[in-house]
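If you look up TrEMBL, you'll see 26-83 marked as domain 'Acetyl-coenzyme A synthetase N-terminal'. Residues annotated as CoA binding site in TrEMBL: ARG194, GLY195, GLY196, ARG197, THR312, SER526, ARG587. Per TrEMBL, ATP binding site is recorded for GLY388, GLU389, PRO390, ASP412, THR413, TRP414, TRP415, GLN416, THR417, ASP503, ARG518, ARG529. Annotated domain 'AMP-binding enzyme C-terminal' per TrEMBL: 534-612, in sequence order. Under the heading Mg(2+) binding site, TrEMBL lists VAL540, HIS542, VAL545. Residues or ranges marked as N6-acetyllysine by TrEMBL: LYS612.
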Amino acid sequence: MADQAHTIHPVPEAFATGAHVDAARYAEMYQASIDDPDGFWGEQGKRLDWIKPYTKVQNTTFEFGKVDIRWYEDGVLNVAANCIDRHLATRAEQTAIIFEPDNPEDPAQHITYRELHEKVCRFANVLLAQGVMRGDRVVIYMPMIPEAAYAMLACARIGAIHSVVFAGFSPDALANRINDCGAKVVITADTAPRGGRKTALKSNADAALLHCSDKVRCLVVKHTGDQTTWIEGRDVDVKAQMASVAPDCPARPMNAEDPLFILYTSGSTGRPKGVVHSSGGYLVFAAMTHQYTFDYHDGDVFWCSADVGWVTGHSYIVYGPLANGATTLMFEGVPTYPDAGRFWAICDKHKVNQFYTAPTAIRALMGQGPEWVDKYDLSTLKLLGTVGEPINPEAWVWYDEHVGRGRCPIVDTWWQTETGGHMITPLPGAIPTKPGSATKPFFGVQPVILDPTDGHELTETATEGVLAIKDSWPGQMRTVWGDHERFQKTYFEQYKGYYFSGDGCRRDADGDYWITGRVDDVINVSGHRMGTAEVESALVAHAKVAEAAVVGYPHPVKGQGIYAYVTLMNGIDPSDSLKSELEGWVRTEIGPIAKPDLIQWAPGLPKTRSGKIMRRILRKIAENDYGALGDTSTLADPSVVDELIENRMNRG
Ligand code: ATP
Ligand code: MG
């Protein structure tokens, strides 16, 4: 493992030649972005069409108590017009969205920019007819279908603020979000097929709305045509309405700082926060990162496999790609339906050029064996990306060999709901990669590593601590919806003058950044600080281990002990001898200090709906303090937790 992580993968020469940014250009542009942010971002802002051009660029302060973030503050634009209308002159007949349905037997759809324009205008007129006005909140609870993108863009067109809630969430979680943002309208669909099974979205929305104001309207997209209950006067048939309203709708001029959307964080670390993003700065940053990180060129087919319910779907399925006039793919289903080759079948079928997914998906597919990927023609792929968690080197190398076939640079992109777009990532034509490292900062981003004990900046190149950002960037969140104080307290209080990411980080001698996991996930064993991610990485490098989660627990001698939850590969039986084998394995991979004190076999791990392990729950169980688990509303499968409590190893 150690060897894999230290192998440097140079930029393929052919790639660098055709890339937007090579090594020299990266260095030059990065320097310019730091030396003269106003000049740099003033220039980048021109990638959008402004109704009234901005005269000011950056006006931001991170001073605790006065935190205020504004970019392009006197500019006026419309986000939907930037994603659609301005492309009509040159690419009206180009495909904007490729829709691949859950069932591979159903036909894919190709929606051109001209069609997108009409659909979004009609959808916007339906919203207007329901009395939705500028600044009103609209909750979108939809499957991964084109109508989800139409709904988002329709809101943007009329200046309403959308809040997309992932369709896997329960009625309770949906109700909380509707109420937190005070939505006037909920947009949903009748039912949502996913992996061959259907989720009853409309009836979930019905259940949620029992806990909301009776003024909230429910707009229903009849997607499958399945029967649902219908409340006259409250429920609206979107497709029927779309057919009867006008096919055009003017794009409302909006201020750059008007909120575009609210998105609740995934809740890995606590109660979800309603992250607010702006119109102008957000779109500049989403478009720019999409173009450079993925080295997107005109005519490429771009596929981000995230759900639109996550920020990744916002920035890299909808806003970034469409602002760039790209062809973006939307997939309704799951990676393992009808079989574990589905992702690669889609890449083959639609001749995908850039593919972006999460380490959790790569690990799951890796566990199914390489034959599922090896049989497809993946020759159109030029670049691969990952996001969401640190990627363990084995998964990186598998992705590189089996999916990229050794030809495609891999961009490991570190960013957050809060950052709007990529913050630390290789630019594929410029920066050599190392499996597991997010490498270098994007333009305008100044990462710093702070000493967690006193907050001072660690300036040596090779160092380790907590990751913070020194100055603002246009895609930064502006506030927590309705709670600016929580915004300041969460991100600006602990380390004064910086944006605090909550993540731990190491910088190596080459200046490359390695995210080590959440700061809460750093443990101290006999005086040695270590990221739990490192131990997890060692465990999953073992051939019999499918997944692992590691947390600390109070230990009478060491301060903290290492508690590992281990999921074995399909068909492998747990045994005491396997436990000793794993202990020995970690000992040789990392060192005696990292040997787990307790190993619990875990048939499943508690994950958020976006596939992230909720370590705070595992920590409670490991501490034998499972009475108060905190907010578990975003868990994908709550039953996993009971099983783990029942078989916990620490009963002291
Ligand atoms: P919450 O803030 O509610 O706890 P969350 O942090 O899981 O939820 P997101 O904004 O979706 O919500 O995730 C951002 C986090 O994901 C980062 O802070 C980091 O911990 C992790 N992450 C994202 N990309 C990477 C990456 N490439 N490498 C390592 N970690 C990553
Ligand atoms: Mg977070």
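Including glycine, each Cβ sits where the backbone N, Cα and C put it.
Those TrEMBL annotations? Automatic predictions, nothing curated.
Positions of the features from TrEMBL, shown on the structure.
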residue	record	Cβ within 10 Å
GLY195	CoA binding site	14
GLY196	CoA binding site	11
ARG197	CoA binding site	11
THR312	CoA binding site	24
GLY388	ATP binding site	20
PRO390	ATP binding site	24
THR417	ATP binding site	20
SER526	CoA binding site	11
VAL545	Mg(2+) binding site	21
LYS612	N6-acetyllysine	22
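When the Cα of THR417 (ATP binding site) is compared against those of the recorded positions GLY196, VAL540, HIS542, VAL545, LYS612, the shortest separation belongs to LYS612.
The binding-site residues recorded for this entry are TRP415, ARG518, HIS542, VAL545, and the Cα of HIS542 lies nearest to that of ARG587 (CoA binding site). Farthest C-alpha pair in the CoA-binding residues ARG194, GLY195, GLY196, ARG197, THR312, SER526, ARG587: 50 Å apart.
In the three-state DSSP assignment, the secondary structure recorded for HIS542 (Mg(2+) binding site) is coil. Between the alpha carbons (Cα) of THR413 (ATP binding site) and GLY196 (CoA binding site) lies a span of roughly 31 Å. Sequence-distant neighbours of VAL540 (Mg(2+) binding site) (same chain, 6+ apart, CB under 8 A from its CB) are ARG363, ASN392, GLU394, ALA395, ALA546, GLU547, ALA548. For the binding-site residues shown (ARG518, ARG587), fewest C-beta neighbours within 10 angstroms: ARG587. Under the DSSP three-state reduction, ARG194 (CoA binding site) is assigned to strand.
PRO390 (ATP binding site) has VAL545 as its nearest neighbour among the binding-site residues ARG194, GLY195, GLY196, VAL545, going by CA to CA distance. GLY195 (CoA binding site) sits 22 Å from GLY388 (ATP binding site), taking the CA atoms of both as reference points.
GLY388 (ATP binding site) sits 9 Å from THR312 (CoA binding site), counting Cα to Cα.
Sequence-distant contacts of TRP415 (ATP binding site), defined as residues of its own chain at least six apart whose C-beta falls under 8 angstroms from its C-beta, comprise VAL387, GLY421, HIS422, MET423, ILE424, THR425.
Across the domain 'Acetyl-coenzyme A synthetase N-terminal' (26-83), the prediction's mean pLDDT works out to 98. When the alpha carbons of ARG197 (CoA binding site) and LYS612 (N6-acetyllysine) are compared, the span between them is 22 angstrom.
Distance between Cα atoms for GLY196 (CoA binding site) and LYS612 (N6-acetyllysine): 23 Å, as a whole number. The Cβ of HIS542 (Mg(2+) binding site) lies under 8 Å from the Cβ of GLU581, LEU582, TRP585, each of which sits 6+ residues away along the same chain. Farthest C-alpha pair in the ATP-binding residues GLY388, GLU389, PRO390, ASP412, THR413, TRP414, TRP415, GLN416, THR417, ASP503, ARG518, ARG529: 27 Å apart.
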